[in-house]
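Enquirer: My questions will all concern the structure given below.
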Amino acid sequence: MSAHEAGSSGRRRPATFHLHIYPQLPSAGSQTSCRVTATKDSTTSDVIRDVVASLHLDGSKHYVLVEVKESGGEEWVLDASDSPVHRVLLWPRRAQKEHPREDGYYFLLQERNADGSIQYLHVQLLAQPTAACRLVERGLLPRPQADFDDLCNLPELNEANLLQSLKLRFVQQKIYTYAGSILVAINPFKFLPIYNPKYVKMYENQQLGKLEPHVFALADVAYYTMLRKHVNQCIVISGESGSGKTQSTNFLIHCLTALSQKGYASGVERTILGAGPVLEAFGNAKTAHNNNSSRFGKFIQVNYLESGIVRGAVVEKYLLEKSRLVSQEKDERNYHVFYYLLLGVSEEERQEFQLKQPQDYFYLNQHNLNIEDGEDLKHDFERLQQAMEMVGFLPATKKQIFSVLSAILYLGNVTYKKRATGRDEGLEVGPPEVLDTLSQLLKVKRETLVEVLTKRKTITVNDKLILPYSLSEAITARDSMAKSLYSALFDWIVLRINHALLNKKDMEEAVSCLSIGVLDIFGFEDFERNSFEQFCINYANEQLQYYFTQHIFKLEQEEYQGEGISWHNIDYTDNVGCIHLISKKPTGLFYLLDEESNFPHATSHTLLAKFKQQHEDNKYFLGTPVLEPAFIIQHFAGRVKYQIKDFREKNMDYMRPDIVALLRGSDSSYVRQLIGMDPVAVFRWAVLRAAIRAMAVLREAGRLRAERAEKAEAGVSSPVTRSHVEELPRGANTPSEKLYRDLHNQIIKSLKGLPWQGEDPRRLLQSLSRLQKPRTFFLKSKGIKQKQIIPKNLLDSKSLRLIISMTLHDRTTKSLLHLHKKKKPPSISAQFQTSLNKLLEALGKAEPFFIRCIRSNAEKKELCFDDELVLQQLRYTGMLETVRIRRSGYSAKYTFQDFTEQFQVLLPKDVQPCREAIAALLEKLQVDRQNYQIGKTKVFLKETERQALQERLHGEVLRRILLLQSWFRMVLERRHFVQMKHAALTIQACWRSYRVRRTLERTRAAVYLQAAWRGYLQRQAYHHQRHSIIRLQSLCRGHLQRRSFSQMMLEKQKAEQARETAGAEMSEGEPSPVAAGEQPSEHPVEDPESLGVETETWMNSKSPNGLSPKKEIPSPEMETPAQKTVPAESHEKVPSSREKRESRRQRGLEHVERQNKHIQSCREENSTLREPSRKASLETGESFPEDTKEPREDGLETWTETAAPSCPKQVPIVGDPPRSPSPLQRPASLDLDSRVSPVLPSSSLESPQDEDKGENSTKVQDKPESPSGSTQIQRYQHPDTERLATAVEIWRGKKLASAMLSQSLDLSEKPRTAGAALTPTEERRISFSTSDVSKLSPVKTSTEVDGDLSAKKPAGHKKKSEDPSAGPDAGLPTGSQGDSKSAFKRLFLHKAKDKKPSLEGVEETEGSGGQAAQEAPARKTLDVPSSQQHRHTTGEKPLKGKKNRNRKVGQITVSEKWRESVFRKITNANELKFLDEFLLNKVNDLRSQKTPIESLFIEATERFRSNIKTMYSVPNGKIHVGYKDLMENYQIVVSNLAAERGEKDTNLVLNVFQSLLDEFTRSYNKTDFEPVKGKAQKKKRKQERAVQEHNGHVFASYQVNIPQSCEQCLSYIWLMDKALLCSVCKMTCHKKCVHKIQSYCSYTGRRKSELGAEPGHFGVCVDSLTSDKASVPIVLEKLLEHVEMHGLYTEGLYRKSGAANRTRELRQALQTDPATVKLEDFPIHAITGVLKQWLRELPEPLMTFAQYGDFLRAVELPEKQEQLAAIYAVLDHLPEANHTSLERLIFHLVKVALLEDVNRMSPGALAIIFAPCLLRCPDNSDPLTSMKDVLKITTCVEMLIKEQMRKYKVKMEEINHLEAAESIAFRRLSLLRQNAPWPLKLGFSSPYEGVRTKSPRTPVVQDLEELGALPEEAAGGDEDREKEILMERIQSIKEEKEDITYRLPELDPRGSDEENLDSETSASTESLLEERAVRGAAEE
């Protein structure tokens, strides 16, 4: 596909692309392809339409466009809306231009049938394999040869079967095959998508041979073998050129770093991964056999700690092929870096380095250069630059490198020609522009350069000769200069890479390290023309072949023979003779070459003659015809002919001294550094030069400053200068000076109230001076991290010496830079032998793994298998013999001791490591005797048997674990059974005893009934007999009396008649005594029931003097006449009037008690029935006269005395007619106050709820002889019948009351006025006293029990504004009133001014009552429970929004408002944020006083504010608590703080906070708390994490270091590109392909399907419980919030377990519906137990299984900072739901650990408890290993908690500093506004630190002296500008504080350098203003 832009009209018309479509139709004929034009917006239907029109196809048919990718083996049918151009852009670049079929990426046009199916022409070809398989199944065709992944498993071992097996696997694109533990890799010359990270995970910790052969498998085995055996390992990669050694090395390094880093790539891993591309660019080139041939050898040794963490690495290079720089053969190229540079640089860089095109350079264009992959080379240059940055090259360093490369290319363009005229025999060098450019690039003089390139200087004893070069000598000198310069550059790059890979701790401490070495050395080469380089390369391959045969054949067979096991020796080809031919002293070819090179007149012919003379009879040395200057050596891989030309010159290839002197005199320090002999010496000289230059610069700067100072002194000063202001008289009495001093003193006094807390105020005042005139030089800001100017990992002499010592043997270039040395440097061959021997020595100390790389074909064709070439390589590598010995040998070898330790579980207990025990075990396990042998000291096993033993060991361990578990479960079950049995026996015994007692009781009852019945019968008979007798007697007596009476009557009549007649004349005026005696009988006696029972209380209240009932005891004379009268006819004894009164009182009290119980039960039935009963009570109640004019001065004293239980008996009094116009009537029902408050020892008082309404509240006193002792009766009367006054409870027990009263405030000595109310402190004490006395009461009535079951709310009252004597501190002791009165009085007085005056809050709405009706907490708290609230509101008539106009402001009490606000719910986090700011303002108002009670209040409020911050900063932003929980939390904080300080009285503090909370709820509406979507809202969460989730995948950014493929589009991912990697399933894809993925993650998808059947909240995956609105599961959030509100101060919070039944109940409730669960009903330990249970039951822990190994490896890092960085890096790859939930949980644990002194929960204890819940090992892991990992798991969680604690403290300290600065700025702004008209403004002392200090406060006088005016401030300024700055600063501080607050819970992975920057910034708060000022100036 080719693209064409539209030129200047490109903006209007999009680019067009040419697509090649290959029709696959029957009617297409001979048409091979069709070319159409399309754009990125063209769809598939548009392209098909163009193709049909171009090919003249039948338009009525249906066609489809098919995308073919042969690499993936798939065909994709494009939809009609797809864009073919977009698909092409995803292909490799080589296939994008023309995309022929040969590249494997093309489009097909196919025909679609009517049913939608596609007609495939090649379907017959596809059907052939299927038909063949059917024939094989029927037995008609022979079965194909089996696919053996291990050549040792071949049934018949020969070359043919070996070759056939490899070819069969190669055709199936299986390029890896095992030969025992040796890996055979065949180069396919094509990228295969088998190297993605998921393959690394697949082969991790797997046995060799369990999965398909792979290079990752060998790397994994080497890594874990090193960790298991603690022995160094090495991987030797061998093979001829083009066999894929370099690529295999890259794969190995990638896998080893991936196994080590496990999600956390430190600097060493990144450098190792980046070093490969850099070395390949500078050391690899394209040859005829290989497009990426290594022209040098390298050995990368990766050092590990014993835990498997990378410690460092060393790269050693061997014999760079320098001759390739100046000459190449046909179809070969120079080093890659030149082409990258020329084709990839930008135009600016091209001009800077003066670069041309590759065809313009002689070193690059020697055989008609034709570059076809230009686009790929451009991208390779970008990847090279990225790799150089990973290694640590700075941009300036890269420019220096590219400048040297450009100079090398220009050296090749230097031409020579002989001078045409003159006697001068010299040469002319040119062209001039090349010389000019070269001198500029190298920074040398042009004349010196020309002289060096054309003349040679020779120094003799007496003379210095300058001789011109011949033409050939000049060219040789030029090329030698270029080669030496490039070699020096390559050495310098290797040196810098080693420095970057060096661990600086290796210079300070000696730590035992392990290592894995990967050898990638040049392969065996046999070209058409072989020279000195091929001779050295093949010698190195001979050494490696010898090393291979030594380990595979010789050493192993010798070990078998030494152990005495039966073994038949296997013959192998030994190449030691060839090695001796080349390197044996003194006749080896290398030594002969060195001798001949030292002879001045020797030539190549003399050298060849000497070779033939010495080795004519050697079978490995073959001569050639005399005329041919060459010789032949018989290598292990075959015969190679070497051309003898240039052997001597290349062996002594070094710079001439004049060239070295030229480059060392360069003005470029980099060039001098390259040519320097000793890098350490060069570095030291550079340091010295830099120091001298710095001194010179400083001296010059000092001189210039002195000159400016002199000029300034000599000049004329300005009218207003600093000196003028300072010279003003301090004691002047000018008005401005006096005004200044007064204002200064005023400020100093006001500053005393600021939050110094014992600190120096000047420390904070320093920020204010900067507020007036912002400076632009102070740029440090919290949100901006300054770019690092000084780079890290700078060179130093110590590290350089260490690197030089490690690579001393490889100084091939530096050894040739000797100047004027008498002793010649060593030759190239000598240095090569030295470095090769060093390499073999390192390999000999390690256990080797071998990879045999084989070239599939010589033409570099993709997936082409050349049988002959492959067979040749198999033969010379001895693969057949290798397979044979691997097949017959024993790969597993154990000493007896190692075997016993390894398989101890399988052996008997306490067995000795001996031959007999091991043999018995193997016999017992029935191991095949053919697969093992036992030698003298070792056991030899085949790999299959070793794996079988490992499996048996694993199974035995699992069996024993299960056995232990079963035993433990048995013990638990037995214990449970015994407990159940004991419980059953106890229940049975109780039941039997109950039955016996029941029988006895029934028997006794029967006997009692019988006795009663018998007695009844006897009494009945007796009474009947007595009644009969009495009746008879009465009849008899009556008869006698009547008879006597009749006689008397007759006699009387007679006497009367006689008397009437005789006394008719007597006087009629005197009354008779009988009439006077009958007068009282006409008046009926009044019923005692009609009298009132407690009228004496009313009488007492109406007494003029207000005396107590004790002082006005009614006398017996005050009784009613009815009580004093006795009937005249009564002959029996009548009870006295006192006894009658007592009986009436007793009956009245009993009736009241019955009424009390009845009303109490009625109130609990239904709230709707209360109002009618209250109305009935009002209608039938007593009517008392009202007298509001007399103030009740002794009300409190009256209450105190009436409370005494020993008052004398009171007699009901019937008032006289004038005072009682209507008789007292008994009410139909008595309304009793059910809110019976218990009694506390601290007080014996109870204040009425509405005491200030008048004197109408009646008081009732119990009878002392009452057995219940606490039954009370209260009557209510009020002229306004809308609401009734609340009741006052009375109690008994005079001694107890007196004792309690003595402990409380002596209130009886302080009589109150009529309007005085109880203080909040008194009310709270009363509330507390009631509960304690109720506990002490031994006998309780029903009323008392009901009062004890409900928590009481204190009735707080506000004093009337008219009463100046009463105040909030009226109840305090005398000594403390004066201290605390001012502040608290100010607090309560000023809040009425700035808050809403509305009285709407007084009324209780129906909503709050209904809500309270649902809650019934049983805890003893300060708030009122719902049931109590209902009882309180029973007697009140709800007003439903109407104001009670009869109530005054003074009657609105705090307690009434608290009842309303306590049940108010918190809707969102902003409400808590407003409350936090509200409390901050209130606390700042109270900081001026330092009384103990205020100090307690301030500190408690600060702690409470910290709790609020942690609440509204949680991720969810949702609050599940109310103000009731806040009040309880504050009470807990105050209680603990008071216990620490020894304070006993905390009631006043609680009352103050209660009033503040009440004021806050009245001051704000719910609409004020609605979140505003703006800048502040965005700060609530941190920036978007680097993790991207899709379909269960957790993708993170990933830099590709080896060839990989996208698993979605199957296209190539370029090296060093950014891709996305799933941290769970290791899926890799392009960033643009993420949203196209339709498959779910292999792990998370399975979990969701398994858990979908049982919905709930326990045992469910975290991501299923979260959503966009709820980022944290509701169960977790609700449990954590409740614990943080009520349980942080509980000792052993998570250590103790709750009740099992309560825990189960809570779990079941949360499982059903968490939103409806009331956690207040459950104990705190049950809640914590459910929290731990929820975490344990997660299918996958919060710290997921995928990151389990990563966390363990992070803990194993040596340094704490590295551990923390690794842990946070792994946390960043967690899924979003897990990360957010873990963040919330860790934040909770931090809050718990901060209170370790109280709850005894340290970070270590919390880690022990929560580590098994958060970080569990996978189920398929080894149990033994998992047990060892417990300590690491605990350490990981503990470190996380401690680090988050540290960050939390740092952030809170920053917030405190910001609040202090905000307070100062606000005070300053207030003063400026108050004093705006004044001409002078206050100055402050200049800052000297920028942070708050702990120094003691200085006296005021000293403050006045030091807080003087700054001169620049005294000069005047713009106060308006200062106000603006202050307002901006306050706003900036608020934003900064809010940002820090919202970042409190974050698991922030920032590094230490950024943390230091942040801490410095936060410590100096003025930086905020400076940054804002700078930004504003920049914007302007």
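The backbone N, Cα and C atoms fix where each Cβ goes, and this holds for glycine too.
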Enquirer: Looking at 709-739, 926-956, 1577-1607, 1918-1948, I want to know which stretch Swiss-Prot calls coiled coil.
Expert: 1918-1948
Enquirer: Which residue does Swiss-Prot record as phosphoserine, given the choices Ser1072, Ser1103, Ser1237?
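Expert: According to Swiss-Prot, the phosphoserine annotation belongs to Ser1237.
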Enquirer: Looking at Thr624, Thr1319, which is the one Swiss-Prot tags with phosphothreonine?
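Expert: Of the listed residues, Swiss-Prot records phosphothreonine for Thr1319.
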Enquirer: For the region 'Interaction with RHOA' (1699-1704), jot down how many residues DSSP puts in helix, in strand and in coil.
Expert: 5 helix, 0 strand, 1 coil
Enquirer: Sort out the sequence-distant neighbours of Ser1046 (phosphoserine) for me: same chain, 6+ apart, CB within less than 8 Å of its CB, listed by position.
Expert: none
Enquirer: Using DSSP, how many residues in the domain 'IQ 4' (1025-1054) fall into helix, strand and coil?
Expert: 30 helix, 0 strand, 0 coil
